[in-house]
Structure formats: C-alpha cells, structure tokens
Amino acid sequence: MKASSGDQGSPPCFLRFPRPVRVVSGAEAELKCVVLGEPPPVVVWEKGGQQLAASERLSFPADGAEHGLLLTAALPTDAGVYVCRARNAAGEAYAAAAVTVLEPPASDPELQPAERPLPSPGSGEGAPVFLTGPRSQWVLRGAEVVLTCRAGGLPEPTLYWEKDGMALDEVWDSSHFALQPGRAEDGPGASLALRILAARLPDSGVYVCHARNAHGHAQAGALLQVHQPPESPPADPDEAPAPVVEPLKCAPKTFWVNEGKHAKFRCYVMGKPEPEIEWHWEGRPLLPDRRRLMYRDRDGGFVLKVLYCQAKDRGLYVCAARNSAGQTLSAVQLHVKEPRLRFTRPLQDVEGREHGIAVLECKVPNSRIPTAWFREDQRLLPCRKYEQIEEGTVRRLIIHRLKADDDGIYLCEMRGRVRTVANVTVKGPILKRLPRKLDVLEGENAVLLVETLEAGVEGRWSRDGEELPVICQSSSGHMHALVLPGVTREDAGEVTFSLGNSRTTTLLRVKCVKHSPPGPPILAEMFKGHKNTVLLTWKPPEPAPETPFIYRLERQEVGSEDWIQCFSIEKAGAVEVPGDCVPSEGDYRFRICTVSGHGRSPHVVFHGSAHLVPTARLVAGLEDVQVYDGEDAVFSLDLSTIIQGTWFLNGEELKSNEPEGQVEPGALRYRIEQKGLQHRLILHAVKHQDSGALVGFSCPGVQDSAALTIQESPVHILSPQDRVSLTFTTSERVVLTCELSRVDFPATWYKDGQKVEESELLVVKMDGRKHRLILPEAKVQDSGEFECRTEGVSAFFGVTVQDPPVHIVDPREHVFVHAITSECVMLACEVDREDAPVRWYKDGQEVEESDFVVLENEGPHRRLVLPATQPSDGGEFQCVAGDECAYFTVTITDVSSWIVYPSGKVYVAAVRLERVVLTCELCRPWAEVRWTKDGEEVVESPALLLQKEDTVRRLVLPAVQLEDSGEYLCEIDDESASFTVTVTEPPVRIIYPRDEVTLIAVTLECVVLMCELSREDAPVRWYKDGLEVEESEALVLERDGPRCRLVLPAAQPEDGGEFVCDAGDDSAFFTVTVTAPPERIVHPAARSLDLHFGAPGRVELRCEVAPAGSQVRWYKDGLEVEASDALQLGAEGPTRTLTLPHAQPEDAGEYVCETRHEAITFNVILAEPPVQFLALETTPSPLCVAPGEPVVLSCELSRAGAPVVWSHNGRPVQEGEGLELHAEGPRRVLCIQAAGPAHAGLYTCQSGAAPGAPSLSFTVQVAEPPVRVVAPEAAQTRVRSTPGGDLELVVHLSGPGGPVRWYKDGERLASQGRVQLEQAGARQVLRVQGARSGDAGEYLCDAPQDSRIFLVSVEEPLLVKLVSELTPLTVHEGDDATFRCEVSPPDADVTWLRNGAVVTPGPQVEMAQNGSSRILTLRGCQLGDAGTVTLRAGSTATSARLHVRETELLFLRRLQDVRAEEGQDVCLEVETGRVGAAGAVRWVRGGQPLPHDSRLSMAQDGHIHRLFIHGVILADQGTYGCESHHDRTLARLSVRPRQLRVLRPLEDVTISEGGSATFQLELSQEGVTGEWARGGVQLYPGPKCHIHSDGHRHRLVLNGLGLADSGCVSFTADSLRCAARLIVREVPVTIVRGPHDLEVTEGDTATFECELSQALADVTWEKDGNALTPSPRLRLQALGTRRLLQLRRCGPSDAGTYSCAVGTARAGPVRLTVRERTVAVLSELRSVSAREGDGATFECTVSEVETTGRWELGGRPLRPGARVRIRQEGKKHILVLSELRAEDAGEVRFQAGPAQSLALLEVEALPLQMCRHPPREKTVLVGRRAVLEVTVSRSGGHVCWLREGAELCPGDKYEMRSHGPTHSLVIHDVRPEDQGTYCCQAGQDSTHTRLLVEGN
C-alpha cells in the first residue's frame, strides 16, 4: 500500500530566521530561529559543512518550535557562518547567520565613543565592520569640513563616499572636495577622509561612507548642515560670471487657497555648482518654522509648504536661487479665501512649561455650532489629557501634563471645515522636537534632529525601547542627530530621544520599494544514471539577479497534485537525488525555481519522471510485552521510511486487509495499524494460555521479533481511586463503599488503624465486587480514618461526624436600643436548640457576668441584662452562636440636663412673611416649658403657635413680621434655650430678565431696555459702561410699577455698550450694539423674479442697492461666479449688473445677487426653438406584419434632448410587456418585440405633452394567425380498431372556428349514416360506428393551413399466450413476496387472483408491467397470506403456491430486576425482535402461569410487552419470566415494607408583624400522629395556635404573630421530621412628616427635619439625587422619631434639592435657597501716578472674607498675566501692575458683587524711540508693492515718513498703517522713479532705508 503525497504533512518552514551576531571575544553569542513542519522536523546546526555536537561551550536549546545555538566564551576561531538545517519526511529547509567575534576594545581614554578596535587578523574574516564612523557637523558657510571613517575586515574593505544617495563627482566638480586615504600608522583597518573646501549652503545633506569586501557590505552616515553667517561678506566681483541658471517660470503667477488649507510651492533649479536657494515673503527672508516647511523632494525640487493658511499668510512668495555663475528669481502671489462663517475670536499662540498646562480658547458665532479639536491632522477626543470645554460661544481646550511632543500646531474646526490655528510652544529641556512621523523609502537615508536648551548634554536614542548603536548618533552643542543610512524594513518603529524626564517621539515608517523577482533557471535536464538515484542539472538565470539568491528543488509523486520541497541549493550546477530522499516508493517528478529576497521565479519542470525506492532501516525495534490477563498487548516498531510489512504470530502470517482479524474462529483477535513510519500490532484481551506467543515483523531489509508474556491480574481497587473525605451530622446513616476488581474477594475494614468489629452500630457487608461499612446512626465519636484493605492495596475514607449547626432564630436584623441613664436594658436572642452555647461581646471584647451585667439562659432564649445603665454602657453588642451573630447597638443618653437640644444659643434670620419654627427637645416627654420673648411670656394666637410632641416643644411663627424680631427663651426649671430671631425685608430681586440680554439695533432705531422687579417701590439705577446714566432727549427713563425702562428713541452707534439695571441686591445686564443701516436691495422690490430670454441671446440681470457702496456677490445654482468673457459683472453707482453676452441653454438657472443682509433671485429661463420632426416629407404608410414578428417605429427630432410621448390608439404607451422605448440622440424608437393582434392600431409620437405640439403617426396592421393542428403532433398516426367496435379520430386545432374537411382515401366525408363529424371549439372528431374491414385506409383531416393523416386498420384481436409460468415462493413472516410472469402480446389484459379472489392494488399489494412482464408484489407477508396466486390472461392462466414461514420471536430487551416499596405500582417490560400476534408471549412467576388477579394486567404495544402489578404486597416478590416459543427472560422482584415519607414538605412563610401563618404538609400514609414545635418547643392548640389533621394532610395555623415569634417550625412523627422557617417582619416604616423648603443667608446653618412612624429606623438623605454622608459641615441626627439634617456655613454650592428616604418611603424633594451675603467696601482704592515702565499697586478692603472680586482698567477686565498680578489676603484685595505703558492710564475699578471702588491711574509717558528698524536696503520688482515697517517703543506714538527729505502724505501711491507700536509704509505699484532713500522719524529718533527697483 502506497501513501499518497497528501499524507506526508508539510515540509519545514522558517518563521523566524537567525540574525547575524557580532560579539566581543569572551562574550556569549546566541542564534535563534523558529521552524515549523509536519511531522516536526529534526534540527541540526552546521559550520563549514560539518555537523556540530554539543560541548561545554556549545549547546542547542530548544523550546517547542524555537531552536537556538548558544556559544559561551566566544573565541576568534568561533567566527564564521552557522547553518541551521531542518529536515522531516516532507522536505528540508535551512537558514544561515554569521557570527563575528571581535577583540575587546583597548582602554585608550582618547578614543571617541564611536570608535572600535580592529579585530585581529585571525578573526577579521566576514563582513566589514566600522571602527570609527563619521560625525554629524553644523558649520557656517565658507568653513572647511572633514568627515572621516575607518572600517576593518579581511580582506580589507574598499571605502567610498556618497551624498544624498549620489556619487560625489555627480554633485560637485573635483575642485570642491578631496578624498584622503588613511595611513598605516593611523591605526588598523581601511580609512578614507572626505574634505570639503569652503562649504556652501547646498553642501548640506547626508553623507554615507560605504565599506565593501567579498564577505559583505556596511555603511555609516553623518549629517552636515551649512548655515548662513550673521553677516555675509561682500561677494567678490570676480566670482560673478554670467548666470547660467534659468527659472522654470519667469513671471509671477497667482495661487488661491481656502483658509485652513495647505499651500505648496515648488521650484526646480539646475546649475553647477549647485545653486543656493532662499525663500522670501513680501521682501523678507523666510525661515522654517512649524507652519512653514522647507525641504527638497526626491526629484530635486525645492519645496516651500505653508500649513493651515491664514489671512496673514497672503502675499508675494519668491524663490531666489544663486551660485557663483549668477542668480534668478521665481515668484507667486498667494491669495487666501476667507470663509463666510468665521470665528468671532480666533485662537492665539500660547506657551507652556513642560509638565504644566496650556489653554487654547476661541469663540464661535453661535453657541449651537459644533466644533472639533485637532493637533495637526490628528483628531483630539476629550480625555484627562485633553480637556474640552464649551461655555456658550466659547470653546476651550486645556492640555494637561505638557510634554515635548505636545509642541505643535492645534486647530479648532467648525462645520464647513472652517478652522482657526494656533501654535503651542512647550518650554523644556528639548527646544526642537521630532516630527510626529517620518516616511522614508526603503534604501534612503533617515535623519532625525533634536535641539536642546543646554549645550553639551547627553541624550539617549532608542527604537521601540531598545537603544540604537552609538555609531548612528552625533551631537554638537545644542544639536543632536540620528542618521540611519539605507533604511530597511527592520528600521521602522517608534524612535525616541530622551533627555532626563523629557522625551520626544516620532514614528519612522519605511515604504517598501517594489523589486522584480529573479528569473527562472535555464537548461534544466534530468539524467537517470545509477540505480535508485536521479541526476538533475541546470544553468543560472539570465540575466543574473543582482541580489543573493538560492535554488529551491521540489518533488511530486506521479498521480498526486501536491509539490513538496526537497532541497535548497546555493550554487548552480547539479544535484543527485537518492531514493532515501523520498518517503515511499513511487514515480517522482521534479521542478526548480530561483528564490531571493525580492520574490520567487516561475517553476521550471524537469522533463520525465524517475522511479525511487526508499531503503528501510529499523529506527525503534520490537520489544517483549508483558501484560495482565484480559488486557490488550501492543507491539510497535518505527522504520526510517514508509513501507509495507508483514506481521507473524507464532510463525503464522497475519492478514492486514481487514480492520480486525482472528487467527482462527474463537481464537485471539488482533488489529494491524500503520501511521506513517510506525507499525503496530494490537492483540485484544489476551488470555493466560497465550503466554509465550512469538510475534514477528518482516519487510524488505528489516526483520524483528518479540515475545508475549501473560500474568495473572492482581486485585486492585476500582473505586474510590483517591482518599474520600465525608462529613455527616449526628444520627445520620453513613455508608462507605469500596469496589474491587474481583468478585467475592475478601477485604478487611480498619478504623484509625484498628480492625473494626461488627455490632448493631457497625455493619459490614459484601455484595459481589462491592464491600460496604454501614453506621446506622452516626455519632461524634465515630469520626476518624476508615480503611478498606485487601492484598496490599487500600481505600481510605475520612469521616467527620459533627453536631448540626446552631442557628439564631431571632433577631435576624440589627437591633438599635435607645435608653436614658438608670434605665434597665435587656438584649434577647433566640437559638434553634436549647443546649446551644452562645457568647456575648461588647465592642469586640467578650462580656463577663457581674453586678452590672446579667446573662440569662431560658430554653432557647439567651438574654443580656443591664440593670441600671450608664453612658459608658452604650456600644456595639454581639450574641455569637456558632457561625451566626446577632447585633445590638445600645445608645445611653445622659439626663443630667433637661434640655437635650439646642445646646447653645440659636440665631435665626428670616425675611418678612416667612415661616419660623423654634424647636427645643427635652429628655422627658412630660416636662412642661415656658416660652418668653424679650423677657415677657408669650401668648398663643394664630400668629404664634405653641406645639408639644413627645419630647419636642416648638414655637411657630407662621408669617413672621418685622416686629417679631427679638430673643425667645424656652425655660424649664433653671435651664433655658435661647433663640435670637432677626426679621428683615426680603431683598429686591430682578424677575426679568434673569440672563444677560444682547440687543442689536441699526442706526436711528428705537431701543427699549426693560427690567421687572420683585417690589414696586424698590429704587433702581441705570449704568452704561460703569457710569450712571442721566436722563436726556437721547435717553429716557420710565417707571411703571415694578417695571423700569430705559429708552433710546433714536439709537446711534456711540449708544452701544453695556447697560446695567442695578436694584441693590440684584442687577440685570444688557449688551447693546448699534450698527450701520443694512445693505439692502431697493430695486426690484420682488425678491424672486422669473425672466424669459431666447437662446442664444443677450441676458442682463440688474438691481440697485443701498447704500451705493455696498458690495454684492453673484451666485449661479448655489456656486459663486467669477467674471469672464462669457459672464460680465458691472457696478455703477447703486446699480449692479450681471451680463451674459451670448447666453446658451445651459446658462439657464437660478442667479442670486447677495449683499451682506439681503438677496434677490433671478430665475433665468432660456427658451429654445420648438421641436420639429425631421426627414419626413410624406406621411408614413401603414406597416403590415405577421403575428410574432418584431416592429420598429422610429423618428428623428430637431433637438436631441426633447422629450416625446408615445400613444397607441390615443392611450399613452408604457414600457414593458413586449414594448421598449429608446432615445438615441435626436432619434426616438418604439420597438414591439413580437407583434400580436392587440398591437395593431395607430401609434403617435408627440413632442411634449402640451396640446397642439408637433406629432407623427404610424399605422400598424397585424395579420390574423393561421390555424394549426396542435394534436396529434405526428404528421401520420397509426390507429388500430377491432371489427364491430367504434372508430374515433380526434384532432385539436390552435384556435376555434377553423373550417376542417375530412377525407378517406382522397374522398371527402360527410356526417351521415355510420360516419359522424363533430366540432367542439378547437376539437374536431370523426367517429365511425361499427367498424368494418372496409373502413380501413388513409384518413385526412385538412385545416386551412395544416393537416393530419391517420392510417386506420381494422383487425381481429391477437391470441394471448403465456411466455413464462409463475413459480412457487417461500418467504419468512414479514418479508415481501414477488411473482413474475411474461405474456404475449405485451399489451394483453391480465387479472391477478389470490385463493380465487381478484387482487386489487393497495398499501400491501403492488402491480407493475415492464414490457411483456407482469409483476405482483405482496408486502410484509403474514402467516395468513399463504395460499395460491393465479394470473389469468384471456383464456389461459398460471398458478403458484405462496408459503409463509414463522419468524423466531426473540427478546431484544430483556427483563431487569426491580425493587419496589409496598403499595407501589410495578411495570415489567420486554421488547421483541418482531411484532408477535396476541398471545405470542406469556408471563410466568416461579415457572408457573400467573394467577387471575385484578392487580395484574398485561399490555402489548407493537414490539413492547408489559406486565403491570398494581399495589404490590410483600407476597408479590419472587422471580417473574416472559416466554415465547423461541426465547425466555427472567427477573427478580423485591418488595420492601412501606416507609413513611413526606409527599409535600413544609414551606417557609414570611409575614408582617401581627399577621397569621399557615404551615401544611402531606405524608405518604394516613392516620399518622405527629407533634408540631416552634423553636424546639412543642405547640399545643390554643387561641393563637390551631392544629388540624385530615387524612394525609397536616396543618398548623399561628395567629397574632410578633417579631419574637420568628424561628423554626417543625413536624415530627416517628423517625420522620420536616421543618420550615417562620419569618416575621416589621411593619414598614413610613414618613409621617417630611421636610420643607428653606431659604438661608450665605454662611448660616440650614436644618431639614422629618418625622418617622417608628423610632428605630435608618434614614438616607440625598442632595440632587446623590447620597449625603456626615462631615464637619454636615450633621445627621436622630431624636426619637425625628431625623435632622444640618448644614453649617451654607454656601452657593449647598443650594439645590434635598430629599430623605427610609426603606421604600421617600419625602421631598425640597429646595434649599442660599442668599448671597451683602458685601461692602471698607477701604476705598487710592489713585496712583507713575512713570512709564514703573509699577503701580492698588488695594481695597471689603467686609467679607470669602468674596470674589473683579478688577477693571479703562473698562476692560483684568486677568493675571506677565504684567498683571492679582491676589487676595483675607478681606484685602490687591492689584499690582508692572512695566506700565502710556496707554495703561485710565480708571481702575474693583467690584465685588454690588460693591465697587474707583481710582485713577496716571502714567507719565517716556520719549518715543525706535525699537526695530527696517533693512538698510530693500529690493523690489517693478509693478509690485514695497512695505517698510518699524516698531517704536510704545503704542499710539506718532511717526512721520519722508522720501529724500520730503514728507509723504497718504494717497493712492502711499499707504500708512499703524498697529500698536508697529508702523508701516506701503508703496503701491513701484516704479523706477520710486527708487531712493526713505526716512521714518519718531520723536527725536529716525531710521533710513534705501529702496532699489529691479526690472523694466
């Protein structure tokens, strides 16, 4: 048997290859790889072609699929290439890695960190190694640069330099650089220095030194940056020859970009030497920053990229290129389109310290506009790091825990991608961070730069957490560089630069370069030389691949589809494949391909195939097998290859063609298996007589044998296998069972090592294999270790017997006890057993009985009594019983004082008409008190109520008045509680408006500001911008009850500002903005016009606007239009026009003219000429078609897009159901796929649906369909008739009504005599009655378009003959019987009979005909079906006898032993192999038929037979049997006496206090007398206890239950006990009186109070839905049934809704209102005079400490900053202004609530000076504009501009701008005559600039 190649698994595959290792001599080197395969491959390591063996220094660790080579104490001789070779039956694979061993570095302190010592000559073989790498440098232009490197290796490598991937001679001429080889005395290895003479700006870049030898290639790189010196020396005129550089575009072009988008400018410059590039903006040099990137792309172009363009970025950008041969310019004008929807306040740049925070803030036009935050292109989501806040229109981003990577550009974006941009600068040790990500092509150089704050610091470079080699790193001063030359995929990852706790990270991404795979080998040939080998030869691919490659050889067994890898070959040539390389014998084909790092070539298949046979070797031979009697014996061996073999047993060959075999009938059974290389022989259930058998195995080249030895199996324990631990309670039955492997084998029981003795309390039984030890009623002393021991083996049982656990019946919940001193307190606990011990604990310490503590035990009740309590007796008590605890909390109140609450003086502040409640709590409920006010006893009245409730006394003032203020006392004996009540008028509140109001009005519009107060007589004051207003004609103040108004009859722009309506305790704010009149469209008046024009033609849209200078925008179909030759925009005075000189139909649409406030719409409709039908001079003639033919109607219109309407006979035509409508340009087509009569008529094509539109008509005529003969289908039909019978010929036509003629032998027939012609619709019939021989002939049915011929013959019927007779059959009962007989002719009529009766088809009878055969099948024959079967055909007949044999009635499922209890019903059941007749089986007992008994019944259900015994008795037990004629089965019925059982047990009952509980159970027997008990105490009938018994049912009813009645209720009868738990719950607590709304003044105490229905209950207080917990400011108190919540020192945060809850009851919510405390100014501000640059301090003292103040200067709010410091010291508020400026002078205001204080700040200005000068010379192009800009020492200073001494005035030519301290002069449309000297004078200071103009 040959295994197919699909069964060989998978060849080895390397998931991870070993990587080259470079170590220092004496260190440890380790190579690792991961290889998979099926079966798992064998891995060996080789070096120099020799397999390596493990030694002291060399080991091969392996962990699953991971294999390694570990080399300790590496020596130079260990260097070289190590090969990992993996091989299995499916193929082979290998991988190699080089190990380089270097000498340890010399301890030379002068060596640089990047230098490495040269390896010794004996160890230098291998790839080159850089000993010293080049260092990155930052130099000034003109300096000399030297880059050196030194590499080692044998043979000595060749060194060469590259710049930015290009050879040096391709970049420079030879005069600019020099290469200096190193000298031997400089050190070992090859050295090459690159010297650059007079470095230029283009010399900046990455320089890579390559080292290459025969063993490999290495490279090291460095960065060179050349900077412009601060002052460049003047150029030498001799070095300025004619320019040879030409720009790509000479004239500047225009570039538009939307705000927030990127703008990219690219300039491509050629020249030699390489030109220097400078970028300028508006005449000023540009330096790279966060938003301006300057770089050179891969194509050599110079790129300037402006990120996130803003309006300030617009202007002229110039790319200037120069070299020693000349210079050139290229310019572009950048325009930034601003969005219509803009941020009202954009973001501002911010700075922050590392680990600090940064806040970015902007404003959107509308608070409902959604925004999103970005860091460059990364969306920021709200988190702890990025906190995002939205307050109205303000959007704020707070960046927490700043780090270096947070430095960058941040954006806030709203809908429409409208953005505002800001820079976030993070100050820290790292000044210039890494970019977020860096994309580099594979093979290019990657450079990363970092600038640090301090020079000379050492940073750390790492990638994915691993430090990078030192040779890649360089640093100089503040700069740190990482240069990775020729990056590969392995270099990708997260690169981090760390400096202390600061770090910056970038994601380095390497984009792979696509490479072409190598070509395939050529000239592949196969030679079948030696026996069992094949020689394969080939040639290398052409052209040869540039990268290293190998050849992969694969094989395929003929007939299989799978190719399996054989070898991997490094060099071309030949390879010999021996037979040992294949897994099994067969014909094999081979193919080969080339594999490199860039892919795999196509396969080349060797022509032909070779027959290979593997040689088998014995890997693991047979071994003697020794087993126990009855076990399976397994013999196995492993071969080296897959091959068939033969097994022998005692010299007799065993056959392997069946899954299981036997040596001979009844002898040993065996099974032969082969899985891959393993062969197995399994002998099943060997017997003792098989001992000594000899097993042998034989195959080509291998023979082996082994012996079989059988031992008698020892006894062992089947269960339990491990030690068993069992736990029981006392009186419980204990059964320990041990099962042995042998039947009736003796065993001995031991307890705690002592042999046990049987008694009434300990019974030992043996039942077959099982041994049992029984303890009928376990006791505690029965606990111990039990052992069942037999012949050296034992089973152990750990038995623990313990008393049942103790349970606490009452109380089940925590009990709270409140008492006063000297009272007696009793704590009671009930357990479920009277003898159960308990322990009492107080505050964790066990209680001991004494005179002050009494412990009592009474039955199940346990009590702790405190006879005379003291305050120290309070605490937490516990009653511990077993594992359960009952908890009691005792609180003792000291009554040394009558008044419990309040303990001190109470101050109550209220407003008029408020409800005031004064509460005093006493220690005794019966004590009487006396209330006084200001020393006089009060008298109860409707205005003053006195209340008494338990221990609480209250004085209530329902509606307090001002005269109710005073001191109230609650007196009892010598004690009193004092309450000071202060009543004030309620503060004035502004009812409307509650929020700030913003009003926008236009000039001359009437503005009304209204404020509604809570009181009509409350005075108010109006303020505008902080100053109180005065009534005048332009400002009117009105008052109407509580409504106050401020009216501006004709508002002016200067009337805008902030208005305040101040009512003392409250204020309303109004922001008024008065704008210029809106820009409106005054003509035409309609806002939407429909205008009709002819096309082509002139279209002019005109409108008038006001004011005349209003700007408008034109839109078409929603898109803004731009002026062009085809669309002209005009503006003349107030008129605005849009003109289309040559309008086309596509110019139709919606045109909108829009001002800032209004818009008008013009719906332009361009009418086209009417549509006409073309190329039809005459009316189309009618079209006649046959049915089923296609019809195509077409016409051509004068315009392609014109719609048409098709109609048929006046009705519109719908596409579908065989109709298709097409439009092909101007052509319109209607297609009828298959014409029918319904398609005939008049078709009309009309252009459009309008009445009277042009139309074209077509007439279609469809001919009637011909009448065809449908049946019969054959053209000629033969019909046979018998003499005397009727002849009937029938024809069916395709349609009714067709004329048909009948002919016989050419003569026409008519309906007469015996011939009748009939027609019924499409059915035509010819009937000839009493056919005769003369009626035979040819009959023709002739229809108009079709005909049919009938060939009629009249013949006598043929004689029926029996070709074969029936044969007798004998079948078994239930089988089928089939009778078969052949008759002639085949269509003769036959009749079947059984026992003389005609047989008809049915479920059990089938009749069939197959040609001349007649078949009768009788299904499921029964004994009664036996008899004679007859077939009658005409006058002949044949008969056969059917015999049915009875089938043996055997039992498939036999009787089983049954155990039953007296009185139960028992069913005995058997299943027979077939359904027997009634009485086929009989039931017996003890071998005798069953007696007649009403309790016995028998039933049969198909195969199932049952015997029912109802209500078994002890006499029924015995042996029962079921018998048939062929089989018998017996079973034993055992009956045990009836036991008392619980049919329905007791159930737990839970009720409320005072209710009744009913317990009920049902027993298995009647008349049982039992006892009821609760908590172990027997119950007797009484008023609260009712006991009932009714047959099987027993019931207990308990009434009037209390909490103490909870416990265990049980019923006991004989040995039966059933119990359930009674749980009595307290009545739910309710809230009798809930809290009320409160209003307090800020800083006062607020008290909420509620009252419960019970004193012992826990209340939960909540604020705004959140639970409250006690704190120093929040107290929760319980006073009897009252619960108090006190809030001390209330603040605004305490305001809100409060509620209380107890259980499911809730009260509230109620509201707490905290009034703001009035603040007054105690110490006013003082005016300050200072000089510019000095500081000023303002102080103000207010009456309250916790007051927030606001500072303003000149009406502007002040916030802390660099020049503003604000602090608070108690009541004192301080403002410190530093570095004062002249514009800081103004009014200083401090405001704290309604209180404010004013002072003046006077600043003496210093003389105006120049701070920043314009350049001495400025060059501009003709036609552009020039901008000169200066900065003076302060804002607001006046400057004067002069040209050649003459003062310049603003105009079209000169524009003068001022922004803060910056002043600009803009010269428009510069001309040559504008060249000259310009001067700017500021005070006594001045500056000059020479303006140069270039160009024609």
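Cβ atoms are placed via backbone N, Cα and C, with glycine included.
For the domain 'Ig-like 1' (12-100), the number of residues in each DSSP class (helix H, G, I; strand E, B; coil) is 3 helix, 56 strand, 30 coil. Swiss-Prot lists 12-100 with the feature domain 'Ig-like 1'.
Annotation source Swiss-Prot lists region 'Interaction with TTN' at 85-94. Looking at the region 'Interaction with TTN' (85-94) alone, the prediction's average pLDDT is 84.
Taken from Swiss-Prot, the feature region 'Disordered' applies to 106-127.
Annotation source Swiss-Prot lists domain 'Ig-like 2' at 128-225. For the domain 'Ig-like 2' (128-225), the DSSP-based tally of helix, strand and coil residues reads 10 helix, 56 strand, 32 coil.
Annotation source Swiss-Prot lists domain 'Ig-like 4' at 339-425.
The domain 'Ig-like 5' feature in Swiss-Prot is assigned to 714-800.
The annotation domain 'Ig-like 7' is assigned in Swiss-Prot to 902-982.
As annotated by Swiss-Prot, domain 'Ig-like 9' applies to 1078-1172.
What Swiss-Prot lists as domain 'Ig-like 10' is 1174-1261.
Annotation comment: Swiss-Prot describes 1794-1896 as domain 'Ig-like 14'.
Sequence-distant neighbours of the region 'Interaction with TTN' (85-94) (same chain, 6+ residues past either end, Cβ-Cβ under 8 Å): 8-14, 35, 37-46, 554, 564-568, 583, 641-642, 676-677. Under DSSP, the residues of the domain 'Ig-like 9' (1078-1172) split into helix, strand and coil as follows: 3 helix, 56 strand, 36 coil. Residue counts for the domain 'Ig-like 10' (1174-1261) under DSSP (helix as H, G, I; strand as E, B; rest coil) come to 3 helix, 45 strand, 40 coil. Mapped onto DSSP helix, strand and coil, the domain 'Ig-like 7' (902-982) counts 3 helix, 47 strand, 31 coil.
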